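Annotation source TrEMBL lists ATP binding site at A:LYS7, A:TYR8, A:GLY9, A:GLY10, A:THR173, A:ASP174, A:TYR179, A:ARG184. Marked as substrate binding site by TrEMBL: A:THR47, A:GLU74. Residues or ranges marked as domain 'ACT' in TrEMBL: A:274-353, A:355-418.
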Number of protein chains: 2
Amino acid sequence: MALIVHKYGGTSMGSVERIKNVARRVAKWHAAGHQIVVVPSAMSGETNRLIGLAKEIQEQPDPRELDMIASTGEQVSVGLLAMALKSLGLDARSYTGWQVPVRTDASYTKARIASIDDARIRGDLDQGRVVIVAGFQGIDDDNNITTLGRGGSDTSAVAVAAALKASECLIYTDVDGVYTTDPRVVPEARRLRVVSFEEMLEMASLGSKILQIRSVEFAGKYRVPTRVLSSLTDPLMPLDEEMQSGTLITFEEDEKMESAVVSGIAFSRDEAKVTVLAVPDKPGIAYSILGPIAAANIDVDVIVQNQSVAGTTDFSFTVHRNEFQKTIDVLNRDVVTQVGAREVVADPKVAKVSIVGIGMRSHVGVASLMFKTLSEEGINIQMISTSEIKTSVIMDDKYMELAVRALHKAFGLDQTQA
Amino acid sequence: MALIVHKYGGTSMGSVERIKNVARRVAKWHAAGHQIVVVPSAMSGETNRLIGLAKEIQEQPDPRELDMIASTGEQVSVGLLAMALKSLGLDARSYTGWQVPVRTDASYTKARIASIDDARIRGDLDQGRVVIVAGFQGIDDDNNITTLGRGGSDTSAVAVAAALKASECLIYTDVDGVYTTDPRVVPEARRLRVVSFEEMLEMASLGSKILQIRSVEFAGKYRVPTRVLSSLTDPLMPLDEEMQSGTLITFEEDEKMESAVVSGIAFSRDEAKVTVLAVPDKPGIAYSILGPIAAANIDVDVIVQNQSVAGTTDFSFTVHRNEFQKTIDVLNRDVVTQVGAREVVADPKVAKVSIVGIGMRSHVGVASLMFKTLSEEGINIQMISTSEIKTSVIMDDKYMELAVRALHKAFGLDQTQA
């Protein structure tokens, strides 16, 4: 008997029929003798409906009141799922965030979990009940309702699993695992049976939307074995078969990790590049450029400062494409004249392509193979950024798919897994 | 400066535009220097939508989980109203039932309020905030969410007003007050400016749907001056004019009460009559007939037992028309042979017409005038039931409108108020 946390996304909870399927799957796990805690999201579309209502009332909705409203989607989900389980003859009980309670800081709409009280959940599990906990929500020290931000139910599930020291956290979603890259771009993309925590973290930060990045951080911090798998399979498929599906995020490097040096190719078209030309090269120049950008609440991604030539340098960075114009405005207003730069040039049509792999730590020449491959395809690299297990390049966005396909082949990801 | 509680029904909160109108009205009251607590219902249709979802999942929804779900409608309302007030520049703060907290017993779907903690509300009022409290909901001693049943937000509002010792509880609804009778039946029906608590209680129990009967009981128990008025008027109408509108429910008989003996005519077509014929007349007969009916959870309204003739009597009572068939089944299965009665005869097409008036206490001949009026119209009275301030008669339902109009005229209710 193991204690297992299931998380179901909005699509999996998207209709009465789907909720009944979730209940059938949970009942199967329970019947196998496991203790089950379920963390569902709001029914798909519901959170957007609620936020839309709020924005009709107040253009910039008050964050406390927005959380008051947005948290109701999950509250409805937990009640409906408890009913579906009861109609299958199981004893089930639902809880909101405050009833557990899930304590968070007071940052409305993007709160962070501080602690989870496991007493009430354990009491129910000990009585044979399935426990259903509303994802996405908690309360601050003054008992105000908070929410964790988009995708926050993933974080709720992993945090509940950590608090209960669960054997595994199963994240059921509308894809059947983590792939070497997006199968819509590269049909040969393969599902990874195992991926390391560090790789998953890089992929999440690079824009792969399978898991909220904070849930991956949580899984890593508390070493919660977490599996991504599909809720669209037959809910009554045999348990051992189900446990072979999906992708396991692991912390044990000696588990049978992928032998490949590179595990996956991530990419994003949401990038825009900005360059401040001929900046006088002196200490503090990065801060004098990026300080005003941060003050305007703009996230900066890749940053490159070239070697200085004749006492000036070119300073480039990328931002989300939605914040492109705002970035240029801030630079022209607050930066160019102050730092004595010549001008700002910008390109909103760039893409980022990244190779990710824990094997890169111990293998040399991985980045070289990436650059060689892109060069052979005639793709010009505009910027480069590296971490221990990732290399990202910025390029003209029209080359993005070509680059992803070429790299997927060059790193042997097309081949079926050994 | 007074502390005033406003309650807005589902129709008043039914759209973004209407919520903005509620905010304008509340802002006007606040600007006049009053402390305002608002108790809104869910947006119209929302509670039905949620219950419908639940019933798709589980035919007889689990009561605890149903309350978990149904309570979210009001939670969305309070958040939206707080936003609407904030966008008008007011400081406002919303609370769910559990945040106040509103403590209830553990009777899911029909809980009764046990206590309301006023500390948090007072703290906000003292800081100049408008406080918005979700109606219809509370928590039991184990922190499970409970709801108060249909129309429960009326009770929430009156209970909050009682806990805060508010000067007045204003119930804004889609009618502009309490009328001498339903204006759709009698066009000459007049709005009552003042009605006594006892009369209101009778009218609510007789099927007038303006206020939930428990809210009237609460108002009576704690002597909360309560006014029913329309939310469809211009939200910016002058305050003194607004305070002259609607109907005030009062506890002071020496206030300028209606001079009329009878204040209103209530009626209901939801009645069915059942008669058990030739029951041997001996002690305990009422219980042996009505015991099985109560055990089947059927509410009995008017009961008449005639004088015994030749050792047997006829025993008649009325039930809600929806429970007509169930009642006959129970009688034929569990009662007729056991008590030695001859048979059951029944009529599902009866109506109840009642005159209500606190003046009936001190005036003789009121019931006589009622019977004379009906007789002159050729209407046969099938059953009679009286209380201190009410006389109800059961008749063939085809005569109902005729009876109401004739009585409205006979008791002088057509005449404009002095």
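From the backbone N, Cα and C atoms, a Cβ is placed for every residue, glycine too.
Bear in mind that TrEMBL entries carry predicted annotations, made automatically and left uncurated.
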One should report the C-alpha separation between A:GLU74 (substrate binding site) and A:GLY10 (ATP binding site), rounded to whole angstrom, as 9
Here the Cα-Cα span from A:THR47 (substrate binding site) to A:GLY10 (ATP binding site), rounded to a whole number of angstrom, reaches 9
DSSP says A:GLU74 (substrate binding site), in three-state terms, is helix
Counting Cβ atoms within 10 Å of each Cβ, the densest environment among the binding-site residues A:TYR8, A:TYR179 belongs to A:TYR8
Per DSSP (three-state), A:TYR179 (ATP binding site) is strand
Grouping DSSP H, G, I as helix and E, B as strand, the residues of the domain 'ACT' (A:355-418) number 29 helix, 14 strand, 21 coil
Between the two most distant Cα atoms of the ATP-binding residues A:LYS7, A:TYR8, A:GLY9, A:GLY10, A:THR173, A:ASP174, A:TYR179, A:ARG184, the distance in Å is 25
Secondary structure split (DSSP) over the domain 'ACT' (A:274-353) reads 30 helix, 34 strand, 16 coil
CB contacts under 8 angstroms to A:THR173 (ATP binding site), restricted to the same chain and 6+ apart in sequence, sorted by sequence, are A:GLY9, A:THR11, A:SER12, A:ILE210, A:VAL228, A:LEU229, A:SER230, A:SER231
Counting Cβ atoms within 10 Å of each Cβ, the densest environment among the binding-site residues A:LYS7, A:ARG184 belongs to A:LYS7
If you rank the binding-site residues A:GLY9, A:GLY10 by how many other Cβ atoms lie within 10 Å of their Cβ, the lowest count goes to A:GLY9
Filtered by Cβ under 8 Å and at least 6 apart in sequence, the residues in the chain of A:ASP174 (ATP binding site) near it are A:GLY9, A:THR11, A:SER12, A:SER230, A:SER231, A:LEU232
When the binding-site residues A:THR47, A:GLU74 are compared by other Cβ atoms within 10 Å, fewest goes to A:THR47
A:THR173 (ATP binding site) -> DSSP, reduced to three states, gives strand
